[in-house]
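Participant: Before I ask anything, here is the structure I am working with.
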Amino acid sequence: MAILTILEFPDPRLRTIAKPIETVDDGIRRLIDDMFETMYAAPGIGLAATQVNVHKRLVVMDLSEDKNEPRVFINPEFEALTEELEPYQEGCLSVPGFYENVDRPQKVRIRALDRDGQPFELVAEGLLAVCIQHECDHLNGKLFVDYLSTLKRDRIRKKLEKQHRQHG
């Protein structure tokens, strides 16, 4: 297993639209393992392949306190099951150190493949619903900062660009 490099906003590669995974093979399972290792080391609760510069429709997630509930979503799709949007404070490993409220549906239906390529479906609420929407956004080249005002987004971009200049 290996810890992968996480791309940071405003890296243009984060805007790449991920391609569906055709076959779930050992290479994909190795990527899944590396993504979990990377996410746990960061530390984070979710990671999309786009964030590690692999443009495939793959998300890993673990919302548990003790990191013992790993979830894999291959080619995930979701649909909102409620029209009401609620604010939820979001952060992102690709936008380190920044947290902002984003309005999202609080209940969604998710369809995806598991690490063995088997299809599954689940209804998610609360943090899981928010997290899957956030990670699916990554697969579509979108970041949580895109939901913010231009002023807030530009302020975050400038601060991160300054950090990148200072730390290489």
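Just so you know, glycine gets a Cβ as well, placed from its N, Cα and C.
Below are the features listed in Swiss-Prot for this protein:
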type     : residues              : note
BINDING  : Cys92, His134, His138 : Fe cation binding site
ACT_SITE : Glu135                : active site
Participant: Identify all same-chain residues not among Cys92, His134, His138 whose C-beta atom falls within 8 angstroms of the centroid of the Fe cation site's C-beta atoms; report them in sequence order.
Facilitator: Gly46, Ala48, Gln51, Glu90, Leu93, Ser94, Glu135, Asp137, Leu143, Phe144
Participant: What number of additional C-beta atoms lies within 10 angstroms of the C-beta atom of Cys92 (Fe cation binding site)?
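Facilitator: By my count, 26.
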Participant: For Cys92 (Fe cation binding site), name the DSSP secondary structure in the helix/strand/coil scheme.
Facilitator: strand
Participant: Using the alpha carbons only, what distance in Å do you get between Glu135 (active site) and Cys92 (Fe cation binding site) once rounded?
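Facilitator: That separation, Cα to Cα, works out to 9 Å.
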Participant: Around His138 (Fe cation binding site), which residues of its chain at least 6 apart sit with Cβ under 8 Å of its Cβ?
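Facilitator: His138 (Fe cation binding site) has long-range Cβ partners Leu14, Ala18, Ala48, Thr50, Gln51, Val59, Ser94.
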